[in-house]
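Here TrEMBL flags 1-389 as region 'N-terminal catalytic PFK domain 1'. The domain 'Phosphofructokinase' feature in TrEMBL is assigned to 17-322, 400-684. Under the heading Mg(2+) binding site, TrEMBL lists Asp118. Per TrEMBL, the feature substrate binding site maps to Ser163, Ile164, Asp165, Arg200, Met207, Gly208, Arg209, Glu263, Arg291, His297, Val298, Gln299, Arg300. The region 'C-terminal regulatory PFK domain 2' annotation in TrEMBL covers 400-776. According to TrEMBL, the beta-D-fructose 2,6-bisphosphate binding site annotation covers Arg469, Thr526, Val527, Ser528, Asn529, Asn530, Arg564, Glu627, Arg653, His659, Met660, Gln661, Gln662, Arg733.
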Amino acid sequence: MSHTSMDPTKMGIGRSIAVLTSGGDAQGMNAAVRATVRVGIYTGAKVYFVHEGYQGLVDGGDNIKLATWESVSMMLQLGGTVIGSARCMDFRAREGRMKAALNLVKLGITNLCVIGGDGSLTGANQFRKEWATLLVDLVKAGKITDDEARKSSHLNIVGMVGSIDNDFCGTDMTIGTDSALHRIIEVVDAITTTAQSHQRTFILEVMGRHCGYLALVTALACGADWVFIPEMPPDEGWEGHLCRRLADQRARGSRLNVIIVAEGAMDRDGNPISSEDIKKLVEKNLGFDTRTTVLGHVQRGGTPSAFDRILGSRMGVEAVMALLEATPETPACVVSLSGNQAVRLPLMECVQVTKDVTTAMAEKRWEDAIKLRGKSFENNWNTYKMLAHINPPDTKSNINVAIVNIGAPCAGMNAAVRSAVRIGIIQGHNMLAVHDGFEGLAQGKIEPITWTGVSGWTGKGGSELGTKRVLPSEYIEEISLTIAKFNIHSLVIIGGFEAYMGGLELVQGRDKYEELCIPMVVIPATVSNNVPGSDFSIGADTALNTITSTCDRIKQSAAGTKRRVFIIETAGGYCGYLATMAGLAAGADAAYIYEDKFGIRDLEMNVEHLVQKMKTDVKRGLILRNENCNANYTTDFIFALYSEEGKGIFDCRKNVLGHMQQGGTPTPFDRNFGTKMGSKAVLWITEKLKEVYRHGRIFANTPDSACVLGMKKRALTFQPLAELKEQTDFVHRIPKTSWWLKLRPIMKILAKYNISLDTSEHAHMEHVIKKRVSMH
């Protein structure tokens, strides 16, 4: 069946979809429910809410209600699940499932979208397998007619994983994980400030009975001294090792020790390790003042992060498409993200691999357990191990690596500097800090930077090294002199589009200045996310969360006044990433950007759309405009246009967000991403230096000795600066193609535009099995 021939707005006619949330709640579930309802309605299907999870499915009656477009308004920013979730015993018994089947058949519902953890999804699959026999029994009992049974002969099921533990294999991130990390990091930041006042050891226990993801990422994001996770229990004699490490960190001048414990932590013999046990150990052996904090349900609370809202929304769209395209032969699937690609995976394969992890842990095959958790878990573990467990070597490499920040500051830059410095020191290099960008490099504002010189940097916003927008071309000669004077063998350039441009200029200067023939790597760090060669840049996630929470507040202020439209200007240069993603995360009615050209007809259509919207129960509008989307249709122009056209129907307010988008403490994603990028960059440099070392000196002049380190689809890759030239629009300082443009139709559909969604781009069913480890 070819997808392209189908009109997506007619795909769902005559079909009914029910959506339920089950198991433990997770932030972002509401975004998924909202998207499922709206996209379902967009395709012409009827969509039903099932309240209180499987319990509501069994009890029926008022628990299963028809959803409307407006009924999911203002849901995006709410944590938890609005339609309720319950742990349900009745559904576990066959007669419970029989009642549920009866309720669905009577309403003509044959498509079920389940948002929950692995238990909830396994239950859904069992329900689907039994469906035919349940109907036979219902006909026998005279509860349904043969005709009803025929009309509902087959049940389709699609799952979305909502679980803050991120414990489901096959999905990079489950709905709620990122928000839980936001809550944990807020607590860690608050604790570290009080702990710095006294010399203290803090032990923080986070959720994760069988999965250490939250603990591991928290440890990476706050630079913890030790982490206990169920997948990888500590070695024999860990007690002594832990105490030595804490004492060693104190001796290095650190006032604070942080230990992160997953609630399911255990030792090699399977005995639990609790935060209390660790506290007693540290106090008894070291006499350190020690405090424990058990986070508990705080982690499930609060408003969902921008990432979880976008994830939930994208998954909702994909879930509806998967349901409507399903046949009796397709296995029940889960929709999830891999890198930034939406994928569909067979539900039971994922459940199987998730079970395999538990088996591996029970059989003490720890390495397998970590591998089965997936690539990103493994990378996190390796980065953590390197930064926390390896002591600097006694022999030095005599290599000097300089680190410089370029362009506008952004959150997460310091995390990248910190991990680059520490990995460099672990490799035996001397690390040099360059202050104030290329200008500082030209003026020789350079000093050695040490292990403790970067402690506590992961959580700091802005740029500690100082940064400037100046490009190197006017200083090429001075820069080459500085490189010779300080004997710099390699350069790590962290920044935005100027960092890429500057790197190119240095490469072009290699013909004339031999000093510039050293390995260089550019790490993209800018709120604009406009660096070629990478799908994401450090700092964009933090800016996105800032914009989203501001939009939430602004929408809330409109809830009282009614009939108000807000026009908000976002940053990003010519790049529409922030405006588009914030539009998805905040539920905007339109987002004007440079890459998606618009004219007077579009503006007219958008105004008319808001006029219609004001006739419904939802009496507010949100319009985002990227600062450079159009030279003539300025924010003032659009504000004036909407004000004039909306006279008597709605009034307008405008808001230019400005520099607040660059500031703030980095989000967990930016801390973690910065940490991994910094470490990967220096490891690459170490290898490169070995390649280009000839006759006692370093000489690097090939294109692949100056690269951008970028996140591409599913992996971190190095691409030569020179090769990326073709992919770059230098006038507007953006890449020529952007992956996120294909998310714009989703934003428009969720804002009730009847545009066509290209269904040919949809995710195909993939398999998890190929990721499995050989069990020998």
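First residue shown is number 1, and so on along the chain.
Glycine is no exception: its Cβ is also placed from the backbone N, Cα and C atoms.
Where the annotation comes from TrEMBL, it is an automatic prediction and has not been curated.
The structure, with features from TrEMBL marked on it.
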residue : record                                        : Cβ neighbours (10 Å)
Asp165  : substrate binding site                        : 28
Arg209  : substrate binding site                        : 12
Arg291  : substrate binding site                        : 15
Val298  : substrate binding site                        : 16
Arg300  : substrate binding site                        : 19
Arg469  : beta-D-fructose 2,6-bisphosphate binding site : 15
Asn529  : beta-D-fructose 2,6-bisphosphate binding site : 28
Arg564  : beta-D-fructose 2,6-bisphosphate binding site : 21
Arg653  : beta-D-fructose 2,6-bisphosphate binding site : 15
Met660  : beta-D-fructose 2,6-bisphosphate binding site : 12
Fewest Cβ neighbours within 10 Å, where candidates are the binding-site residues Met207, Val527: Met207
Max CA to CA distance in Å over the substrate-binding set Ser163, Ile164, Asp165, Arg200, Met207, Gly208, Arg209, Glu263, Arg291, His297, Val298, Gln299, Arg300? 33
List the same-chain residues at least 6 positions away in sequence whose Cβ sits under 8 Å from the Cβ of Asp118 (Mg(2+) binding site), in sequence order, or say none. Val161, Ser163, Asp167, Phe168, Cys350, Val351, Thr354
Around the Cβ of Ser163 (substrate binding site), other Cβ atoms within 10 Å, all chains included, total 26
What's the number of neighbouring CB atoms sitting within 10 A of the CB on Gln662 (beta-D-fructose 2,6-bisphosphate binding site)? 21
Compute the C-alpha separation of Val298 (substrate binding site) from Met660 (beta-D-fructose 2,6-bisphosphate binding site), stating it in Å without decimals. 27
For Arg300 (substrate binding site), the spatially nearest of the binding-site residues Arg469, Val527, Arg564, Arg653, using Cα atoms, is Val527
Could you state the whole-number distance in Å separating the C-alpha atoms of Val527 (beta-D-fructose 2,6-bisphosphate binding site) and Arg209 (substrate binding site)? 35
Given the binding-site residues Asp165, Met207, Arg209, Arg291, find the one whose Cα is closest in space to the Cα of Arg564 (beta-D-fructose 2,6-bisphosphate binding site). Asp165
Where does the mean pLDDT land for the domain 'Phosphofructokinase' (400-684)? 94
Rounded inter-Cα distance in Å - Met207 (substrate binding site), Gln662 (beta-D-fructose 2,6-bisphosphate binding site): 31
What's the CA-CA gap between Asp165 (substrate binding site) and Asn529 (beta-D-fructose 2,6-bisphosphate binding site) in angstrom, rounded? 28
Which of these binding-site residues is closest to Arg209 (substrate binding site) if you go by CA atoms: Arg469, Arg653, Gln662? Gln662
